[in-house]
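Heads up: the structure comes next, in structure tokens.
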């Protein structure tokens, strides 16, 4: 009976995960196909981008599964279910989740350090018409070796830098080396993988501060403000075209008597002609947008978009308040920098953590909410990347636009999302620390009452006995190295500041154009024709 119950509970959790997996694959295919350039699309880059984006979403979906499994081991009254009463059974479940993290994180390392760099450099070399396929592969491998070396170095540092000092300070050099290898064997390589993932998470933290914080502010406000009127934009564009044409004619009239134009006038003429081409392309796009049925449907759904935007901005503000309270709690009640600002449980009332705990009696509302939170971070990150483009400091490398995004830009997009997903787990832990550590688990406490004792249930926290509460594997990955936790803590403050700055900037901006980002001065007529067709 216990075995059947265990099997049914496990099948339920992993069946939900399988359904989510199929939905993720379908979404990734649609998303990549929507943005990729039709003229520059390649099979290998398309498959790589779809797989990398799917890995990012699947990894984020594993967190709710982790919380679901540890929570489902117990009844609401704090006792273990029949199938989970055996410690070996619980350990088996934990190892299943741990192997899932091992697999997905290893795939992320492979994608970030080997596969995506190789495909990226392969298509960079393809721009050289004089280079054959063999030379492309050779040069791509040469550049990829550098990424592979960085990956190996990170794995070695994580594997052989002990978290605890050897038991004896007077031991020989050989005994110290032997101790390092014993530590590596006993931990099954967990520190090596955790250190490598934590290093990538630092880069993901920068991406979250840059793109996710901006996306959380710009996406809701764009929905609330809407876009400018197509008819008004066409009228304004026509007036601009007439004005530029008049300026061009006035400059050309200066050389009607045979006199050459001055260098300044020639420069102005070139700029005006370039501006005229952009305005004419803009006019063609506005004409298409006016005829497009999606524009008309969007206008009909305007009230729904406003309502959705209000919901999104309220959710964003809830996240910021929860993150602020969590960071304040760590600042007041943790041991400080030397401990990585780690606290066990919550000392200040965190609204999101309390909401998850309130929803837990009504299955599966709390799991739905934690999944929605995870997906919300990813979608706002996508919105931020699309609005900002891909930058390297002050240099914009690529633009993300429907039907005209280069293969290299899509690979960059997926790599950034992979890094963001790694940091998202820590962000969610910061939003609801107690829930991410133990889920909805409770345990029994015997309270003396005269000559008798009464049993009462309490929510699992750091004060609970180790054999009464099972900690999620996510938490163990997040807090393997205290110095990374310290950096993440300060990163959360930077995230709050970036969100507030993005919110002010988004509020000050007017409505965006209905063809926002479709026409740029550096676009070619080829890309314009691609969009039209």
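Positions of Cβ are set from backbone N, Cα and C atoms, glycine also.
Among the features that TrEMBL reports, transmembrane segment is placed at 12-32 (among others).
Counting only same-chain residues 6+ beyond the ends of the transmembrane segment (44-63), those with a CB under 8 A from a CB of the stretch are 17, 20-21, 24-25, 27-29, 31-33, 36, 97, 100-101, 104-105, 107-108, 111, 115-116, 119, 122-123, 370-371, 374-375, 377-378, 407-408, 410-411, 413-415, 417-418, 420-422, 424-425, 428, 436, 474. If you look up TrEMBL, you'll see 44-63 (among others) marked as transmembrane segment.
Among the features that TrEMBL reports, transmembrane segment is placed at 102-123 (among others).
Among the features that TrEMBL reports, transmembrane segment is placed at 143-163 (among others).
Within the chain, the transmembrane segment (192-214) has long-range Cβ neighbours (under 8 A, six or more residues past its boundaries) at 102, 105-106, 108-109, 112, 151, 154-159, 161, 184, 377, 380-381, 384-385, 387-388, 391, 416, 418-424, 426-427, 477, 480-481, 484, 487-488, 491, 494-495, 498-499, 502. Summarising the annotation, TrEMBL assigns transmembrane segment to 192-214 (among others).
As annotated by TrEMBL, coiled coil applies to 234-289.
Remote same-chain residues near the transmembrane segment (306-325) are listed as 216-217, 219-224, 226, 348-353, 373, 376, 380, 427, 430-432, 492, 495-496, 499-500 (criterion: CB distance under 8 Å, separation of at least six residues from the stretch ends). Per TrEMBL, transmembrane segment is recorded for 306-325 (among others).
The transmembrane segment annotation in TrEMBL covers 367-397 (among others).
Annotation source TrEMBL lists transmembrane segment at 409-429 (among others).
Listed as Cβ neighbours of the transmembrane segment (481-505) (distance under 8 Å, sequence separation of 6 or more from its ends, same chain) are residues 163, 194-195, 198, 201-202, 205, 208-210, 212-214, 216-218, 221, 316, 320, 323-324, 326-327, 330, 337-342, 423, 426-427, 430. Among the features that TrEMBL reports, transmembrane segment is placed at 481-505 (among others).
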Distal contacts, the transmembrane segment (409-429) - CB-CB under 8 A, six or more residues away: 32, 35-36, 45-46, 48-49, 52-53, 55-57, 59-60, 63, 108, 111-112, 116, 119-120, 197, 200-201, 203-205, 207-208, 211-212, 323, 370, 373-374, 377-378, 381-382, 385, 390, 397-400, 436-437, 474-475, 477-478, 488, 491-492, 495
